[in-house]
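Take a look at the structure below.
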Amino acid sequence: KMFISSNHTINKFVLLGLAESPDVQLLLFGVFLLIYVFTLLGNVGMMTLVRTDPHLHNTPMYFFLHHLSFTDACYSTVIMPNMLVSFISRNKNISFAGCVTQLYSFVFFGIVECYLLAIMAYDRYAAVCSPLRYVVVLPRTVCIWLVSTSYLLGFLYAAIYTSCTFGGPFCNSNVINHFFCDIGPLLKLSCSDRFLREKVIFAFISLNGISTSGIILISYLYILSAILRMHSVQSRSKAFNTCASHLMVISLFYGTGFFMYLQPSTSHNGLDKVAAVFYTLVTPLLNPIIYSLRNREVKEAFMKHMK
């Protein structure tokens, strides 16, 4: 469906991107191509390792990591290829249908990522604080149910956000001041009263963000409490470093996400693009490094397969 403004139909949008200078665009193309390649290598490599190693495949933590890697690979792919093409072709157009699809897919994988991060925080809490009950607390059926619920919630919330964003006519301008079709920049182009739609989006983002980040925060507080009770200084230091790296990436993802979405569309400015780069492109690159490649079991499985 296309939305009609005062005197014409909008059938495409123009994404301004990150820079206008051809030289800067060429430099950005090289940088983001490297980020995308390493993102795919890290996440697809992690998925392959978990699928092929029986020990990793049957452990709840790596079952969740497999789905996080899948989500990150898709999350990055929703945005990156189109942006890379625009850098070298100078064609910044995206069709109306393409914009709807990109927004829906981006929100879907973003919501799934939030719930997977919360599930993984609870998984770590169960493993550290109740190691003897770990297998009982998280059997395979519960793991499958938790992941399936994450995808279902992503599907439902993405439909709500997308329908609210495209739920009214757009003004004469079809220029989006961003590098992908996102909620805030699109709402700024809306002609109709967007107050109610913004409130619905704000309410659901608050619900998702506060509930999942709350689970993560509480889980890691319990984990840190258990770490402080450890007798071995070496074990305590190693566990603390692991938790700190997890929390660093989670804080980057949630901090930039909250900055972007928990403000009215009229308040958005040039910092939005910088924030968006972190939660859309940097965190999918860092997740396999922080959660997987620094893990002893993953390293052992990787070396075994290399041999």
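Every residue, even glycine, has its Cβ placed from backbone N, Cα and C.
Under the heading domain 'G-protein coupled receptors family 1 profile', TrEMBL lists 42-291.
Remote same-chain residues near the transmembrane segment (26-50) are listed as 18-19, 56-57, 62-63, 65-66, 69-70, 72-73, 76-77, 80-81, 83-84, 87-88, 281-282, 284-285, 287-289, 292-293, 298, 301-302, 305 (criterion: CB distance under 8 Å, separation of at least six residues from the stretch ends). Per TrEMBL, transmembrane segment is recorded for 26-50 (among others).
Among residues of the same chain six or more beyond the transmembrane segment (62-83), those with a C-beta under 8 A of the stretch's C-beta atoms are 17-18, 32, 35-36, 39-40, 42-44, 46-47, 50-51, 56, 94, 98, 102, 105-106, 109-110, 112-113, 116-117, 119-120, 123, 140, 143, 146-147, 150, 179-180, 280-281, 283-285, 287-288, 291-292, 297-298. Annotated transmembrane segment per TrEMBL: 62-83 (among others), in sequence order.
Look at TrEMBL and you will find 103-122 (among others) tagged as transmembrane segment.
Taken from TrEMBL, the feature transmembrane segment applies to 134-160 (among others).
Listed as Cβ neighbours of the transmembrane segment (200-223) (distance under 8 Å, sequence separation of 6 or more from its ends, same chain) are residues 111, 114-115, 117-118, 121-122, 124-125, 128-129, 153, 157, 160-161, 164-165, 183, 239, 243, 246-247, 250, 254, 257-258, 261-262. Here TrEMBL flags 200-223 (among others) as transmembrane segment.
Sequence annotations record features per position, and here TrEMBL assigns transmembrane segment to 244-262 (among others).
According to TrEMBL, the transmembrane segment annotation covers 274-293 (among others).
Tertiary proximity for the transmembrane segment (134-160) is limited to same-chain residues at least six positions away from its ends with a CB under 8 Å from its CB atoms, namely 58, 60, 63-64, 67, 104-105, 107-112, 115-116, 119, 123, 126-127, 200-201, 204, 208. Sequence-remote contacts of a segment are chain residues at least 6 beyond its ends whose Cβ falls under 8 Å from one of its Cβ atoms, and for the transmembrane segment (244-262) they are 110, 113, 117, 121, 124, 182-184, 201-202, 205-206, 209, 213, 216, 220, 271-272, 275-276, 278-279, 282-283, 286-287, 290-291, 294.
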